[in-house]
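So the structure is just underneath, and the comments pick up after that.
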């Protein structure tokens, strides 16, 4: 919940932030319009420029992945919880290893625009129901994540003006949402890529510079930083030991592991990251891109760790917790203490641009799935022309944007990080099993795909519904009622195995295999390992 | 290598395994193809287990044996913090090994099979008109 009496930022920074943000938005909007697809081609709208260099692709991947939740939320968690917060950042980086080592290259070789296309390549039956299930899962994940970004914009606004009134909230969400819709609907993938790269460069530069300032403040002595953080945390050396947040009980330890599992496994199944993986035309470019992304995400996460520790060391844990009990204000407080109004304004602008860019990528992924899987293949059964499909994609972007804006206005007090982590958990339990089985299991069938998609989705959503996120604790949506029989905040530890189990069960229980299916998988495997017949 | 036009991909047909040409089937029975699959998959699975499993183990250990993780190494640095930094090193090394493994062990095999597949396809395409398609005059 957002509880703040007054803003932490003075008038000068507020105006500077506004001017900076406005200029970035104007520039990127122009660039999005300039680079927007010129012709009515779905390939260009969905995937953008397919011949970008590995560095730019890596920047775009990094931009897609690191949201405002990482910049503000994770640093805040480090500032408040020390060691336990640092573990989050580790998980954020490790997730890329799975993408690099197992998913990226086979998926690129066997993929086209969406995961549905990959699935359709190897399933001989039940292609359309599987696409429908995939589209629904994609829609749920992207909407949840999109709402998290928009809610984050309100939380960020709170840092400036204190608790915003209903009119300010609505205005903020509508402005951000509209800009996002314009990026996605008009700019398509080229437009979204432009803002993604700009945002990634800003993020990496901003976070690194601030981290350098923190280290410089402590004469480049990490030990001094650590002991200052421990001294100002109010908890002494416990701050640098595990268990400050999650060591209270066995339940909370399991909860934390569940969350880490969802983060580490969920990334490979996030729809907008998957689309980004399909963009490079050549596989070796994709490989270098993902390696770049690992390095860049690692750098940002290391710097974010330094920022979090620095915030506690310089500002003090009490001040951070009193300003915002989730810790979202840690970075801005630190910037204010180190660099005054100008650095604060730069970092706040960075946070706004970050959530704008992630939201644009998400809207595009949702629109792609709706237009390509749902409209093109399920409703029109593959008979839609490219112009028609493109029209639907642009309209879907608008519809999803508006839907997310309305949901964000309804649930504006929700915790950004919680929403984002739920999206990760659903992705890991519903989509990841299907990806892994599709790529690596010869016997996998349409029934298995359907069962793991619908089952994983239902399992994770139901568990969340009956968890402390929705009821029974002061921080939940319905604090007054109590129907939370599932004790964990994050369903991952149950729903991810359930998704895999259901996929296996559906496959084992389906009818006897046709030789046709084996042939389809043999073709698919050749395509996945050797490449498509160009 | 020349760039392809952006609309090139759209000509690919999906979900039409029934009328897909036969040659890939032969490739998939090739022993070289099997060793390609083994080379790629074995390394991928092992490296994933090492880096992702290692990290999850580290998280578990942090909360189950805090006494061990809280051992001071130097100044405020505990074993847990050092292992956390070590995760980044493990990731870097794994990524480097992966790139090297793919370049030396996997890519040459894939390239060889790919070019053979092209030849087969070209061969079957050249042979096709003789089989009775009347659209193209043979000369």
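Using N, Cα and C of the backbone, Cβ positions are placed for all residues, glycine too.
Automated prediction, rather than curation, is the source of TrEMBL annotations.
When Cβ-Cβ distances below 8 Å are used as the criterion, the transmembrane segment (A:12-36) is approached by residues 49, 160-161, 179, 182-183, 186-188, 190-195, 198, 202, 336, 341-342, 344-346, 348-349, 352-353, 356 of the same chain, each at least six residues removed from its ends. Residues annotated as transmembrane segment in TrEMBL: A:12-36 (among others).
Annotation comment: TrEMBL describes A:57-80 (among others) as transmembrane segment. Panel annotation: around the transmembrane segment (A:57-80), residues 86, 88-89, 92, 96, 145, 148-149, 152-153, 155-156, 193, 195-197, 199-201, 203-204, 207, 245, 267, 270, 272-273, 276-277, 279-280, 285-286, 288-293, 295-297, 300-301, 304-305, 307-309, 311-312, 315, 317, 320-321, 324, 326-332, 350-351, 354-355, 357-358, 361, 416-417, 420 of the same chain, lying at least six beyond its termini, place a Cβ under 8 Å from a Cβ of the stretch.
TrEMBL lists A:86-104 (among others) with the feature transmembrane segment.
The annotation transmembrane segment is assigned in TrEMBL to A:132-160 (among others).
The transmembrane segment annotation in TrEMBL covers A:166-186 (among others).
The transmembrane segment annotation in TrEMBL covers A:198-218 (among others).
Within its own chain, the transmembrane segment (A:256-278) is flanked in space by residues 46-47, 57, 60-61, 64-65, 84, 87-88, 91-92, 94-96, 98-99, 102-104, 107-108, 111-115, 138, 141-142, 145, 189, 245-246, 286, 290, 358, 361-362, 364-366, 368-369, 421, 423-428, 430-432, 435, 488-494, 496, which lie at least six positions past its ends and keep a Cβ under 8 Å from the stretch. Residues or ranges marked as transmembrane segment in TrEMBL: A:256-278 (among others).
Marked as transmembrane segment by TrEMBL: A:290-315 (among others).
Residues or ranges marked as transmembrane segment by TrEMBL: A:392-413 (among others).
Summarising the annotation, TrEMBL assigns transmembrane segment to A:419-441 (among others).
Sequence annotations record features per position, and here TrEMBL assigns transmembrane segment to A:448-470 (among others).
What TrEMBL lists as transmembrane segment is A:490-509 (among others). Long-range Cβ contacts of the transmembrane segment (A:490-509) within its own chain (Cβ-Cβ under 8 Å, at least 6 residues beyond either end) map to 254-255, 257-259, 261-262, 265-266, 421-422, 424-426, 428-430, 432-434, 436-437, 441, 443-445, 447-452, 455-456, 459-460, 463-464, 467.
As a quick check, the transmembrane segment (A:132-160) and the transmembrane segment (A:419-441) clear the bar of 3 or more Cβ pairs under 8 A, pairs 6 or more apart, so the two touch. Outside the transmembrane segment (A:419-441), and at least 6 residues removed from its termini, the chain residues within Cβ reach (under 8 Å) are 67, 69, 73, 102-103, 106-107, 110, 115, 118-119, 122, 134, 137-138, 140-142, 144-145, 147-148, 151, 258-259, 261-263, 265-271, 448-449, 452-453, 456-457, 459-461, 464, 469, 490-492, 495-496, 498-500, 502-504, 507, 528. Across A:86-104, A:290-315, A:392-413, A:448-470, the stretch most heavily in contact with the transmembrane segment (A:166-186), judged by Cβ pairs under 8 Å, is A:392-413. If one looks beyond the transmembrane segment (A:392-413) by at least 6 residues along the same chain, the residues whose Cβ comes under 8 Å of a Cβ in the stretch are 1-2, 42, 45-46, 139, 142-143, 146-147, 150-151, 154, 169-170, 173-174, 177-178, 180-181, 184-186, 188, 359, 363-364, 366-368, 370-372, 375-376, 384, 477.
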